Ligand SMILES: Nc1nc2c(ncn2[C@@H]2O[C@H](COP(=O)(O)OP(=O)(O)OP(=O)(O)O)[C@@H](O)[C@H]2O)c(=O)[nH]1
Ligand SMILES: [Mg+2]
């Protein structure tokens, strides 16, 4: 049987049968041809494997975006807790100081609130070494004189305040040790003259914001390691002279009953209610866990670590090798950013070559103002930011997943009687329940995306409470699959 010449097949040209071939010659030629094809197939196979290995080697890259306190770092922790448990378990105990600081801040915030309503101390209850003088500095100037207060404070309240005085120093020491991430953004940190915008990366970056182009490879570890070094160091020289983590634990254990008495006090609760202070909604809230945390052998639980608040500075990079799930053995590279307006200029270099963006909008914040700019409503800021991210040309081909977060807090807020229309007039007379409110907000985000996307893109949205690790694990498995699918598709295009 003659062999036809195929111009597209190089083997066909090289091995075209000579005219008048004998059967023996034909057999020899066919053997040679078969061998050449086997080698060629083998090379193809090797190339395919190499490409697959390369694809596997290239980490899945995810960028977490959203305003400050939207839950980005908490989402990242959920990824680690669900998919990289070994690294999670190794880090868990380092969070102890952060949880302790969060609790101390809660108690000091309580003391600040009641101090504004209390008269000055009676001379009888003052002690020379108390921290009251310093405490007064951090308080607003309005101090009621005795009998002025509409609340029935007693000597007991003054005594509690006095006995909890050492917590001021503990807070300060822990903040110094943990570094800037331990302190929250203050309105004064964004100068009024600077007029911060929701998406400063859309235009030229103001000089004063350029310091935020910091790239850290170890994320929150840098803060946690400072504490670990001090509490774990064996030699005394390595310990700081003015800081000892066991002293923090000791002071907290000694203050346990007083902290509880303060938090459970009916007059204190009344002051909080009248001042519309909802401690339970604040970041890093641990006042309901005093019994467990203020002990000499306290060790953080998974839940404590999830709820612990440590502000993100700059852009932090985390590498996890997933242990379970569809991407087991695969490396994920996640970028967690600081969400305050003054930090956003640093985001844009990370828009390049990203598989997916997870954008968090804390919907419970519809009646709150930005910490860095008290003139701006937090939901309004999320809308502006979402518009800018959706409209970014750099992200035009990137999958964007929206988390409408803090649904648990939204439900609590609505149940307590807060009316959405008071802060969001366009909400009108719709029913003030969580289902209607989330649907309304969701439609708004969808519409903004539709109008801003440079090219059509699916709208992926999840209603989340990322402090709930169980429901978040379910959400993340859906997200993981979607991101992976896009990642592999992109790798194929490379
Ligand atoms: N109740 C509740 N608290 C949440 C939820 N998501 C986050 N938090 C808490 O809100 C606080 C802020 O969350 P983070 O994850 O630190 O916020 P972030 O977006 O990383 O903030 P920056 O680092 O400042 O940009 C933490 O104390 C979290 O525990 C939620 O869905 N429900
Ligand atoms: Mg963060």
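Cβ coordinates come from backbone N, Cα and C, glycine included.
The range from 117-152, 225-260, 261-296 that TrEMBL describes as region 'Disordered' is residues 117-152. The stretch that TrEMBL tags with region 'Disordered', taken from the ranges 1-40, 41-80, is 1-40. In the vicinity of ligand 2, defined as a Cβ distance under 6 Å, the following of the binding-site residues 312, 405, 407, 408 are placed: 312. A gap of 18 Å separates the Cα atoms of residue 312 (Mg(2+) binding site) and residue 405 (GTP binding site). Around residue 405 (GTP binding site), the same-chain residues six or more apart in sequence whose CB sits under 8 Å from its CB are 66, 70, 71, 75, 360, 361, 362, 363, 464, 465, 466, listed in sequence order.
Listed in sequence order, 364, 465, 467, 468 are the same-chain residues six or more apart from residue 408 (GTP binding site) with CB atoms under 8 A from its CB.
The GTP site, placed at the center of the C-beta atoms of 405, 406, 407, 408, has further neighbours from the same chain whose C-beta lies within 8 angstroms: 71, 362, 363, 364, 404, 409, 410, 463, 464, 465, 466, 467.
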